[in-house]
Every structure is written in structure tokens, then in C-alpha cells.
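Report on the following structure.
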Amino acid sequence: MSAETHPVPQDFRARIGPDELAALRRAFDADPDAFWLDQAQRLDWEKAPSQAGDWSFAEEGFAIRWYGDGQLNLSVNCLDRHLPAHGDRTALIFEADEPGTGRTVTYRELYEETCRFANLLKQRGIARGDRVMIYMPMIPEAAAAMLACARIGAIHSVVFGGFSPESLAGRIKDCDACCVITADEGVRGGKYIPLKRNVDTALEMGDVPTVIVVKRTGEDVPMKHGRDIFYEDWRGALATDCAPEAMNAEDPLFILYTSGSTGKPKGVVHTTGGYAVWAATTFDWIFDCREDDIFWCTADIGWITGHSYVVYGPLMNRATSVMFDGVPNYPDFGRFWETIDRLGVTIFYTAPTAIRALEREGDNWVTRHKRSSLRLLGTVGEPINPDAWEWYWRVVGDGRCPVVDTWWQTETGGILISPFPGATPMKPGSATQPLPGITAELVDAEGKTLDGAASGNLVLTSSWPGQMRTVWGDHARFFETYFSTYRGKYFTGDGCRRDEDGYYWITGRVDDVINVSGHRIGSAEVESALVSHRKVAEAAVVGFPHDIKGQAIYAFVTLNAGEEGNDDLRKELIQEVRHDIGALAAPDKIHFTPALPKTRSGKIMRRILRKIAEGETQGFGDTSTLADPSVVDALLTGRQ
Ligand code: 6R9
């Protein structure tokens, strides 16, 4: 790992410099409650909170509460409060798949669209506390749909358009949703995605009373009478005002499903007040966004990054946010940089996997575009290797834009470890230091706290406003997943090294979550898709290093007696995973093996499988606990 330090570029001036950052840290240390109440003042509250956090990590059945006696509406904070002086300011720049075919939406227009949507939801009987699924492309109506839910107090759950009907159906069932908002089709990279048809397939497994369809391409799609309506058919008759619900700070705002080590995806629940404070605060601190900035986060709203840094964080801060409905390589590998020049993007936030994929295509795609508007770059989603960091810094940013490597999770609501662009010297590959208010620790396998320079597992010892509150419908699972490994501490699932300067270097997941192109895939989910094929007896799935994706999926599969493992079956199995989960979870390698390495008690030894997937031929550690040590030799000969 490179330990070279890059100072804050000389010409980069940010609101928060080293002194301001030090003052924030001091303020937190001196009086955490006052510090957190101070941050809450960024928002407009219907009823201002008098308390900050109220939480414990140690008790089962515990609750985490922030700003418990406060009341607010998040859509008001994103929209209404900006209207008197800034209604004509651009809120969203929609950048469609075909370059130059998008449009801009002002704060007033987004407010009106949100109110129309909210009124339509109300007309369909949807009320405070109801769950609404959003399965949409990256179009302004998707942001309006999220904000409309927030306005009436409905709980949204956005599902990425790349997930299969089966996945969508599972989520609808888990949170008992009463409405799906979708589009006729999506368009990405010139390809059409049959969103409405996917919804129809999902609803065959469990119906809902209302489906609202936004027309994106105008494709003729089947509509079920009484259930399905086109938004456009109603839009003209809907009022452009809608009184906001006063929500309690701890009322749920959204559920976002994410993969863990075990079982099916969990519904991560974020509540209104704390999430809003944290998304607004971190957006302001880390992106230093000002009046004349144009902010572009390339994430899809189906992920937490899209929630916090395409929609809520930027809008609460009255920023101009780009909503990109394309891919980095369409129409060519210069798409990002061409778009940056055309829109005048000043702050650009993307994923290491995209950076690596574009770096591979050569500097020309970048340097033929000016990029002179850029002043700040960011990354998120997975560890960035120092080489890719240097390329991003040197070629994309011409060595003048700070790079903020931001570590956080669906569960954390917003960024927790990151440089402040105007204050923190950068080390390529390190997310640098925890933000003010965040208390991180490294612990060893027994839970002992490690001091100074050390490697261990990353835990957080105190709560912050953006922390998830529960797993939807399963509070015991919340406790079990995050607080039972190290009693009294939140376990992130990530390994981490801290260097002699106190910089954090996240090394990746230490649990059975595989990070493919920044997307979390649970090995258990892929295994269950594979074993649902009638020829498969057992499957074990691990990650292995991949140049572009960071990690890719390696599946070990044993077949039922008499079945033969060949390329046709490999294709069928990949199809099975695409069907059950989505293309993003498709294994890169499928390794047929007569047996899996198991302990005498029947536990699969993934440690050995990981080594084999990584291409190692020896050094498997202690294999004496294996029920049948000869399995390892058989595995080595069959490697993919
Ligand atoms: C925001 C988001 C969370 C997991 C997390 C970690 C990895 C995210 C990272 C990073 C190293 C960074 N991760 N950012 N690893 N450096 N800057 O990605 O949320 O989809 O829930 O993934 O992603 O492993 O635990 P989510």
C-alpha cells in the first residue's frame, strides 16, 4: 500500500479548513449532546427537539432514538423551505441515457411534482405508515415519488431496477407493501429494461392494490384494470399543493433492503429526524457544496448512496444534483467526462469499480474532454486500490481536485470515515479518519480493543443520528447481526488497519458478504438460488479478487448422483441466479466438485474455499478438522 501523502491542494478553499475541523472535534468531545443538537439546527423542525441521542447497544430489545421529541417533514426540508428565495434554482439535472436528451427541474417544479404525486397516493388510500415500493429508472419522477412518500408519511422502499421480479416480490411481501410505483420501461446503455412487466411478474406472487406507472418510453405495457394507472392520465387533475404530515423524528422514513451474511436480504429501517440530520450534515461537510456548484453522484437511487447523496442530502442543502440514468461506457468510454463538460459539473462522486474500468480504456477518453469545471472528486462503495486512486487524482482531476474516499454503509445512513476536502491530507487507498462525532475502534477476534497502529475488525462504540434503527419486522435479527459479535459495540462487518498516523485503511468484508462492483451480495442468497436447481445438491459461494469488479463470485457446486457438470449446466445455473436475484449476482466461475470441505460437525470451511478461489495451491492452514481431508486435493484439480 502506498503511504505517500497528498496535502490538500493549495488552491482548494473549503468552508471547513483544518481549524474548523479541529473545532468540530473539540465541540463533540466537550459536549456530545450539544454538538448533536447543534447539527439538528440545519433543519426546519415543526417542533424543535430538546434531546439528542438516547440509545444503548448492550441490551436486547433496546431502542436507538435521536431527537425523540422533535417533529418535522423531510419533503419540507428538501423543498418548501427553499421556495421563497430560491424556487427557480435548479434542483435536479436529469441526464438521460442518450447524451443531451435530459432536462432540468427547478425547486418549485420538483415541489409541485412531489405534491401531485402525494395527492395521487392519498387518493389511492395510501396513508402515513403504509409501505410503498419504488422500482424506477433514474428519472425526476423517482425523486418526486420518494419525496411524496416523505410528505404524507408513507414509508418508501426503493428497489434497484436490476433486481429480478423474484427479488422484488420478496421485498413486497416482507414489508407488506400496498403500492408499487414504476415506469413502463427503463433505458440504460441503449438497452430497454421491462420494468412494468417485471412488476406484473412479481405481483403474480402476491398482489398489491395500486400500481402507478410513469411513462418513460411510451412502450405499450399491459395494465390491470382497477389496479394499474398511468401517472400521466391523472397528473393534470392533481393539485400542486399538499399539506405535509408532521412526522415524529423516530417515524420510519424508508426501508432499504441489503444483503447480509445469512438468509434473505434485510430491510434496513431509517427514521426521519436522525437520518435527515446526518445526510444533510455529511453532505455539507464532505462535499463543501456551494451556490454555484453542480454536484453529480453517479449512484442509482436503488442504493443508499442514491438516497443520501442524489436525493436527500443535496436537496436539504439546496444543491443542484445530477440524476444520471446511463452507464459509464455508453455511448462511449468518455461519457462521464463529456457530461461533466456539458453540464459544468464541479463535484463528482463515483465508485472505484467505474474508475478501474475507465482507467483500463486509456487516458485519451479522459483527456479529450476539458474537465475544467471539476473541483472535488469522491469515491464510495469498496476499497479503492492506490493505483486507481492515483489515476483518478492525476488524470481525471489533473492533480488539483481533492479526492474524498468515503467509507460508510446502508446501515450508517451517511458517510462515517472520510477526509474533509479542505482539511485532511490524503493517503491513496485510505478513507483517512472518522468524522467528528464518530467513535471507531479496532478489535481483535476476542473483542479486545487494539490501540495505535493495528489491524482488526472495525466497530463503532457510540451511536450517531443516521444509524439504522432496526431490521423491518425483526428487531432480534438487528441485535443478532450487529451487536452480538462484540457486546455493546456495533460491528460493521469490515476489516481494517490503522496506521501510525491514525489513518484507517478498510480492507473489506470479513463476513460472508461479497462486494461485487460495490454491490453487496450475500453468499447465502446465491447459494440458495443455485440449490434451487434440480440437479444441484449443495453449493458454497465465496468472493475472489477481480481487476474491475473488486470482487467476483466463485461458486462451488456439488451435483445430485448421476448428473454431469458441463458448460450447459453452468449456463443454466447462471440463469437461475439471474432469475432469483438479478444479473448483478451472477457467478463468474462455477466449479463442479464431488464434495465440499466440511468439518466433522458439517460446517463448510469457507476459509479453504476462498484460498482455492484466489488461486492458491497450498497454505490452507489447519485442515485436520476436516471430515475428509482428501476433498482438498479433489478441489484443486477441478479449479476454474
Ligand atoms: C455506501 C455503501 C457497505 C460496504 C462496507 C464496505 C464497503 C463502502 C467503502 C467501502 C472501503 C470505502 N465500502 N465504502 N470499503 N472503502 N470508501 O457502499 O453501502 O452498499 O451498504 O456497502 O461497502 O465493505 O461495509 P453498502
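The backbone N, Cα and C atoms fix where each Cβ goes, glycine too.
Look at TrEMBL and you will find 23-78 tagged as domain 'Acetyl-coenzyme A synthetase N-terminal'.
In the predicted structure, the domain 'AMP-dependent synthetase/ligase' (80-463) carries a mean pLDDT of 97. What TrEMBL records for 80-463 is domain 'AMP-dependent synthetase/ligase'.
Here TrEMBL flags Arg188, Gly189, Gly190, Lys191, Thr305, Asn329, Ser517, Arg578 as CoA binding site. Counting every protein chain shown, 16 other Cβ atoms lie within 10 Å of the Cβ of Asn329 (CoA binding site).
The annotation domain 'AMP-binding enzyme C-terminal' is assigned in TrEMBL to 525-603.
When Cβ atoms from all protein chains are considered, those within 10 Å of His533 (Mg(2+) binding site) total 19, not counting its own. As annotated by TrEMBL, Mg(2+) binding site applies to Val531, His533, Val536.
Sequence annotations record features per position, and here TrEMBL assigns N6-acetyllysine to Lys603. Listed in sequence order, the same-chain residues six or more apart from Lys603 (N6-acetyllysine) with CB atoms under 8 A from its CB number zero; the list is none.
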Between His533 (Mg(2+) binding site) and Asn329 (CoA binding site): CA-CA distance (Å): 34
Gly190 (CoA binding site): secondary structure state under DSSP, collapsed to three categories: coil
Number of other Cβ atoms within 10 Å of the Cβ of Val536 (Mg(2+) binding site) across all protein chains: 23
Gly189 (CoA binding site) to Val536 (Mg(2+) binding site) - Cα separation in whole Å: 34
Helix, strand and coil residues within the domain 'AMP-binding enzyme C-terminal' (525-603) as assigned by DSSP: 24 helix, 28 strand, 27 coil
Shell of the Mg(2+) site beyond Val531, His533, Val536, same chain only (C-beta within 8 angstroms of their C-beta centre): Ala529, Leu530, Ser532, Arg534, Lys535, Ala537, Ala539, Val557, Leu573, Glu576
DSSP three-state assignment for Ser517 (CoA binding site): coil
Contacting binding-site residues for ligand 1, chosen from Gly190, Thr305, Ser517, His533, Arg578 when the Cβ sits under 6 angstroms of any of its atoms: Thr305
Pairwise CA distance, Val536 (Mg(2+) binding site) versus Gly190 (CoA binding site), rounded so that it is a whole Å: 36
